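A.B. asks: Following this message is one structure expressed as structure tokens.
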Amino acid sequence: MWQLLLPTALLLLVSAGMRTEDLPKAVVFLEPQWYSVLEKDSVTLKCQGAYSPEDNSTQWFHNENLISSQASSYFIDAATVNDSGEYRCQTNLSTLSDPVQLEVHIGWLLLQAPRWVFKEEDPIHLRCHSWKNTALHKVTYLQNGKDRKYFHHNSDFHIPKATLKDSGSYFCRGLVGSKNVSSETVNITITQGLAVSTISSFSPPGYQVSFCLVMVLLFAVDTGLYFSVKTNI
């Protein structure tokens, strides 16, 4: 039994080896969630991926250029325009992530959102962000040139359930001291049908299946060895 089991087990162990197509794709997250920021803002990019016990390093890429940082989080302390671009990450047991775009703007105000395309009934979260978080008051959010929401003190604007009527061009304005400032205009689109995916789910089925198969086969080999030795005794 043992003589037959060992070659079969070894063959299956080799076939259970990880292939590139079996590896999960790494995912990049932004903290805070805004992918449009102002100069001097701090941004943290986090890489979610699978690691082996021997190697927990992370490869980061900015505009396809390798970044020296090997930590799972990449921290930008004071963003500049040069930090704009595509960011990707990869671990030794994950393939290269999809790109995440970071946009660094110059100005007093920036209208921020986690994305610009939503589906009907999605919640929409808008933020009128000031440079270096300077105090801002008498803030107005405008849609298609018309006042949509007013706050005496700066506050985020929430739309609980989006409708097709919420599509359009948006910007915000307010007072910094006595200076009247406005953000650039952005376009928000509301779609019908399936939800717009913003964060890829992370699930490494290929790795888990292969690992479980290896463990089962190792158990089978040990069991076969035990009975073989017992029979010989």
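Any Cβ shown, glycine's included, is placed from N, Cα and C.
The feature signal peptide is assigned by Swiss-Prot to 1-16. Under the heading domain 'Ig-like C2-type 1', Swiss-Prot lists 40-96. Swiss-Prot lists CYS47-CYS89, CYS128-CYS172 with the feature disulfide bond, giving experimental evidence as the kind of evidence. As annotated by Swiss-Prot, N-linked glycosylation site applies to ASN56, ASN63, ASN82, ASN92, ASN180, ASN187, with the evidence given as sequence analysis. Taken from Swiss-Prot, the feature domain 'Ig-like C2-type 2' covers 121-179.
Can you walk me through where each of these features ends up in the structure?
C.D. replies: In terms of DSSP secondary structure, the domain 'Ig-like C2-type 1' (40-96) contains 3 helix, 28 strand, 26 coil.
Contacts of ASN56 (N-linked glycosylation site) defined by a Cβ separation under 8 A and a same-chain sequence distance of 6+ are given as SER72, THR91, in order along the sequence.
Of all Cβ atoms in the shown protein chains, 10 besides its own fall within 10 Å of the Cβ of ASN63 (N-linked glycosylation site).
Neighbour density for ASN82 (N-linked glycosylation site): within 10 A of its CB lie 8 other CB atoms from the protein chains shown.
Counted within 10 Å of its Cβ, the other Cβ atoms near ASN92 (N-linked glycosylation site) come to 15, all protein chains included.
In the three-state DSSP assignment, the secondary structure recorded for CYS172 (disulfide bond) is strand.
Note on ASN180 (N-linked glycosylation site): other Cβ atoms within 10 Å of its Cβ, all shown chains, come to 11.
Every protein chain shown contributes to the tally, and the Cβ of ASN187 (N-linked glycosylation site) ends up with 10 other Cβ atoms within 10 Å.
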A.B. asks: C-alpha of CYS128 (disulfide bond) to C-alpha of ASN92 (N-linked glycosylation site): distance in Å?
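C.D. replies: That separation, Cα to Cα, works out to 39 Å.
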A.B. asks: Within 10 Å of the Cβ of CYS89 (disulfide bond), how many other Cβ atoms can be counted across all chains shown?
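C.D. replies: The answer is 26 other Cβ atoms.
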A.B. asks: Which residues does CYS47 (disulfide bond) neighbour through Cβ under 8 Å, counting only same-chain ones at least six apart?
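C.D. replies: Counting only residues 6 or more apart in sequence, the Cβ neighbours of CYS47 (disulfide bond) under 8 Å are ALA26, VAL27, VAL28, THR58, TRP60, SER72, SER73, TYR74, CYS89, GLN90, THR91, SER97.
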A.B. asks: For CYS172 (disulfide bond), what residues in its own chain, 6 or more apart in sequence, show a Cβ-Cβ distance under 8 Å?
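C.D. replies: In sequence order, the residues whose Cβ lies under 8 Å from that of CYS172 (disulfide bond) (at least 6 apart) are LEU109, LEU111, LEU126, CYS128, VAL139, THR140, TYR141, LEU142, PHE157, SER182, SER183.
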